[in-house]
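These notes are about the structure you will find just below.
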Amino acid sequence: MKAKFLVPLVIFLALAGFLAYGLKLNPREVPSPLVGKPAPAFSVAQLQAPEASFSSADMRGQVWLLNVWASWCVSCRQEHPLLVELGRRGVVPVVGLNYKDGRADALDYLVRHGNPYTTIAVDPEGKVGFDYGVYGTPETFLIDREGVIRYKHIGPLTREHFERVLMPMITELSRAG
Amino acid sequence: MIAELGHFALILALVLACVQAVVPLVGAQQNRYALMAVGRPAAQAQLFFLLFAYGCLTWAFVTSDFTVRLAAVNSHTATPLIYKITGVWGNHEGSLLLWAASLSLWTVAVTIFSRDLPEAFMARVLGVLGAISAGFVSFTLFTSNPFTRLLPAAAEGRDLNPLLQDPGMIIHPPLLYMGYVGFSVAFAFAIAALLSGRLDAAWARWSRPWTTAAWVFLTAGIAVGSGWAYYELGWGGWWFWDPVENASFMPWLLGTALIHSLAVTEKRGAFRNWTVLLAISAFSMSLLGTFLVRSGVITSVHAFATDPARGLYILVLLVLVIGISLTLFAWRAPRLTGGGSFALMSRESTLLGNNVLFAVVTGAVLLGTLYPLFLDALNMGKISVGPPYFEAVFVPLMVPVVVLMVIGPFVRWKNDDSARIVRRLAPGAIVSVLLGVGLAVVVGNFTWRTVLGLALAAWVLIGSVQLLRARVAERPGAAAGAGVRLRGIPAAWWGMWLAHLGVGVFIIGVTMVGSLESELDVRMKDGQTARLAGYTFTFRGVVDAPGPNYLAARATIEVARGERQIATLTPEKRLYLAQQMPMTEASLDIGPFRDVYVSLGDELEDGSWIVSLYHKPFISWIWLGCTLMGVGGICAAADRRYRRLAERRVPAAATQSA
Amino acid sequence: MPAERFLHSLRTAALLLACCAAGAAHAAGEAVPVSDDPVLEARVLALSHNLRCLVCQNESVAESRAPLAVDMRNQVREQLAAGKSEKEVVDFLIARFGDFVVFTPPFKASTVLLWLGPAILLVAALGAFALRLRRRQQEVPVPLGEAERVRARALLEAAPPPEEPYK
């Protein structure tokens with residue numbers, strides 16, 4: 001058996017290895033290049049008090065979550081109970097970004113499903129969302145005291161994922177400094 | 001009840017596939033004819049049960065039996081009958097059943113048309129095909145059973161994806177599958193040859209018509225698919241380098257290489273281990289394509305809903321089939337050498353050059369398709385590899401292939417005089433370059449792409465004429481009329497000639513539409529006109545035009561050139577009710593030198609409509625070229641030479657049975 | 001004042017006529033292109049073809065009708081209109097959505113193999129081709145042995161080949 005005739009087999013097995021590994025990956029998940037970078041600054045109106053404004057700079061010195069949601073977003077409803085619980089327990093401040101939504105619809109949604117947010121910023125045209133590279137709702141960003149994005153989650157948060165990944169990061173970031 | 005019968009038939013088919021995989025192979029190894037003879041009836045009975053199962057599934061769709069989950073998810077009572085029937089393969093489970101049925105169809109075709117194969121060889125071929133079939137039927141049964149019940153039944157079905165409710169989709173999947181799966185025959189012949197150690201010119205001759213036939217189906221399948229994308233997606237693109245398109249294109253590239261390599265192996269006995277490797281690789285690419293579409297490792301508009309268990313099963317299948325055959329190759333191939341010497345200027349080296357380039361192109365397409373997956377697996381970020389990459393890689397590699405394609409048929413086997421070839425071809429080449437430059441100036445698009453494309457196409461056409469004249473001149477019996485001499489040319493030669501001509505026609509289409517197409521988006525109201533590429537489009541309003549399972553707004557747009565009315569186009573905007581999915585249905589006026597293409601956008605607040613107008617010069621030449629290639633393939637596969645052995649055998653068989 | 005009235009009616013008529021003409025022009029005239037600036041629109045379209053619509057996964061921003069694609073097209077249009085170059089716009093989008101958003105992967109350490117791979121393949125394949133060719137040219141045909149000669153003669157004389165026919 002000459003070595004050169006084994007080349008196709010070796011190439012194929014390497015390929016199969018990658019394919020096997022690929023089965024475990026989710027091709028639809030796109031990591032954000034913003035992780036590790038300062039969160040884009042924005043200053044917009046608040047949902048419940050349209051005359052008042054919310055600025056990302058207000059959150060300086062705190063570890064917080066920015067949760068992008070909308071009343072038309074079906075999968076947002078999946079993670080909503082978890083967010084309500086987080087809000088009640090006061091684990092971490094959760095700022096909502098109401099994305100491409102109508103004010104009345106959004107308020108109605110909160111009445112029906114509960115309001116987990118400390119503040120809600122409104123982004124009717126999706127301009128803030130665009131700066132954060134939002135391409136689907138819900139999306140959740142973890143931002144540290146210096147205003148740097150530490151983590152991004154696409155799709156509904158699950159309790160398991162929150163406890164396993166986000167919670168340790170939040171504890172760690174809150175302790176440091 | 002019908003669904004259970006189908007399920008049962010599928011189980012029987014699996015049992016038969018296992019029998020077909022094991023018994024004839026054992027028979028061939030032990031030289032026991034009784035065991036070898038089991039292959040044929042097993043294959044035929046398997047086809048019967050697979051078709052029966054397929055029929056049962058179709059019955060569930062046609063009668064809207066929504067207790068069958070698959071029908072509930074992919075059909076609807078209001079779906080037109082033809083799309084109820086085609087809906088069977090518009091999903092993962094049903095298309096897998098079609099896959100298995102095509103494989104069985106090919107197997108039975110082998111038992112009928114290759115009767116004269118030595119018995120042991122036939123037994124091995126059937127054994128290999130049976131093993132593949134067992135793999136796929138079990139995959140269907142264990143992970144993707146199409147007959148799963150849905151109890152309680154759904155009140156109404158969810159309907160077939162509207163994108164698939166289109167005439168192009170009626171024939172595209174069966175053609176494509178026949179092509180994909182058809183390479184399994186060449187594969188089985190190669191494995192049987194490796195097993196028996198008999199890899200000679202006879203083996204190549206047996207394989208050739210099967211390979212060509214599969215290639216014809218694949219060519220037709222890809223062409224129909226791209227035609228479908230052209231008019232169904234609503235903006236006139238025809239090739240996207242989508243991973244799933246690449247998955248069908250890679251076996252095509254390797255299949256093309258295999259056809260040419262088999263020619264050398266048959267005529268000169270050379271490249272034997274290379275030919276075997278190609279036969280294995282072409283089918284491996286088909287399997288890999290199946291894996292990519294069904295496992296969800298790669299995102300694509302075409303991909304089926306996915307499930308990791310399925311991905312794992314099919315990967316294991318892939319590793320078994322390809323791994324075992326490549327191991328067999330590594331074990332047996334070193335013994336295969338010979339084929340005699342040949343010079344740089346020889347038919348062998350042009351064909352080998354063609355093979356090398358096709359292999360490199362396939363490698364490049366594979367690299368581009370899987371690279372995002374590699375990076376992701378190594379945690380090095382996510383990237384997209386799209387059309388710009390593939391075009392940048394594909395075009396420079398295909399140009400020398402086309403050049404070799406023109407030169408090759410003029411060159412003699414073994415050794416030829418370079419000066420003779422240059423004298424022969426240089427005038428045509430020079431004229432072609434001048435034509436390319438001249439035509440590019442005339443059409444007003446003097447870019448290197450246009451010049452290159454038109455010059456290449458011109459050379460292919462000039463070369464074809466020269467080749468035909470040379471062939472007629474060299475036929476014996478020069479005293480006879482040209483007609484007689486033309487008739488003396490074998491079908492296989494005509495096949496080669498037509499397919500190569502088709503490549504030239506294809507290049508004209510691609511070049512012209514790539515450099516000269518134009519488009520315009522306008523807001524139109526009743527009576528308003530718009531102009532594009534010398535055509536005047538007049539908007540004549542929108543009416544409701546509901547269909548059986550959709551609502552539609554249909555616009556009427558008159559197309560005129562100068563004063564002359566050319567066509568009345570009726571693009572639609574549809575809303576498919578079951579899935580609440582909006583669709584644009586473009587309307588085309590197809591012509592030999594241009595298509596006029598109109599699609600309807602949204603209605604605006606002031607009552608006007610957004611209309612997209614496209615002018616696509618020479619686009620139908622793309623499919624004309626593919627058609628010529630396909631017809632060429634049919635001619636080549638049907639050559640009498642491949643049947644001669646059979647004809648000679650018939651009287652012998654008759655005497656024996658008498 | 002008849003003259004004045006006449007003038008007035010004339011003016012009214014003219015106005016009416018103008019209105020009619022305008023109305024007719026509106027009803028049967030040229031359709032309005034969607035974009036006011038066709039050159040800019042062509043640039044937007046060309047650039048959008050190279051952008052991936054993230055929600056649809058495998059369509060370009062130019063083809064897709066998804067809201068995010070519309071946003072991205074608008075963003076591209078705005079920035080190009082503001083005088084930014086194609087490269088600046090692409091960099092802007094990559095900074096937000098990552099390399100995934102462009103169909104032409106940037107040339108960097110992790111994509112070296114992607115961009116150079118085909119060339120490496122070609123060089124390797126041509127090398128193997130040249131090697132094979134040299135070996136083939138030097139190969140001396142081995143003369144047939146006596147046994148082979150006999151077998152060849154037998155084969156030539158007694159067609160079909162000596163194999164078991166499949167019954």
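Cβ atoms here come from the backbone N, Cα and C positions, even for glycine.
Here TrEMBL flags B:45-63 (among others) as transmembrane segment.
TrEMBL lists B:89-295 with the feature domain 'Cytochrome c assembly protein'.
Residues or ranges marked as transmembrane segment in TrEMBL: B:96-114 (among others).
The transmembrane segment annotation in TrEMBL covers B:177-197 (among others).
Under the heading transmembrane segment, TrEMBL lists B:249-265 (among others). Under 8 Å from some Cβ of the transmembrane segment (B:249-265) lie the Cβ atoms of residues 179-180, 183, 186, 201, 203-204, 207-208, 211-212, 214-215, 218-219, 222, 271-272, 274-275, 278-279, 281-283, 285-286, 288-289, 339, 347-348, 351-352, 354-355, 358-359, 361-362, 365-366, 369, 636, all in the same chain and six or more residues away from its ends.
Residues or ranges marked as transmembrane segment in TrEMBL: B:277-305 (among others).
For B:311-331 (among others), the entry in TrEMBL reads transmembrane segment. Below 8 angstroms of C-beta separation, residues 131-132, 135-136, 139, 142-143, 187, 190-191, 194-195, 273, 276-277, 280, 284, 287-288, 290-291, 294-297 of the same chain, each at least six residues beyond the ends of the transmembrane segment (B:311-331), sit close to that stretch.
Per-residue pLDDT, averaged along the domain 'Cytochrome c-type biogenesis protein CcmF C-terminal' (B:315-640), amounts to 89 for this model. Per TrEMBL, the feature domain 'Cytochrome c-type biogenesis protein CcmF C-terminal' maps to B:315-640.
Residues or ranges marked as transmembrane segment in TrEMBL: B:352-374 (among others).
Look at TrEMBL and you will find B:394-413 (among others) tagged as transmembrane segment.
Marked as transmembrane segment by TrEMBL: B:425-444 (among others).
What TrEMBL records for B:450-470 (among others) is transmembrane segment.
Cβ atoms under 8 Å from those of the transmembrane segment (B:491-516) belong to residues 212, 402, 405-406, 409, 443, 445, 447, 449-450, 453-454, 456-457, 460-461, 463-464, 467-468, 471, 616-641 of the same chain, restricted to positions at least 6 beyond its ends. As annotated by TrEMBL, transmembrane segment applies to B:491-516 (among others).
Annotated transmembrane segment per TrEMBL: B:618-638 (among others), in sequence order.
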Tertiary contacts of the transmembrane segment (B:96-114) (same chain, 6+ residues out, Cβ under 8 Å): 10, 13, 20, 39-40, 43-44, 46-47, 50-51, 53-54, 57, 88-89, 122, 125-126, 129-130, 132-133, 136-137, 139-140, 144, 146, 173-174, 177-178, 180-182, 184-185, 188, 206, 209-210, 214, 290, 294, 646
Remote residues contacting the transmembrane segment (B:425-444) - C-beta distance under 8 A, at least 6 residues beyond either end: 406-407, 410, 450-456, 458-459, 462-463, 466, 512, 515-516
Beyond the flanks of the transmembrane segment (B:352-374) by 6 or more, those residues with Cβ under 8 Å of it: 241, 243, 246-247, 249-250, 253-254, 256-257, 260-261, 264, 271, 274, 278, 281, 285, 292, 297-298, 382-385, 389-390, 393-394, 397-398, 400-401, 404-405, 408
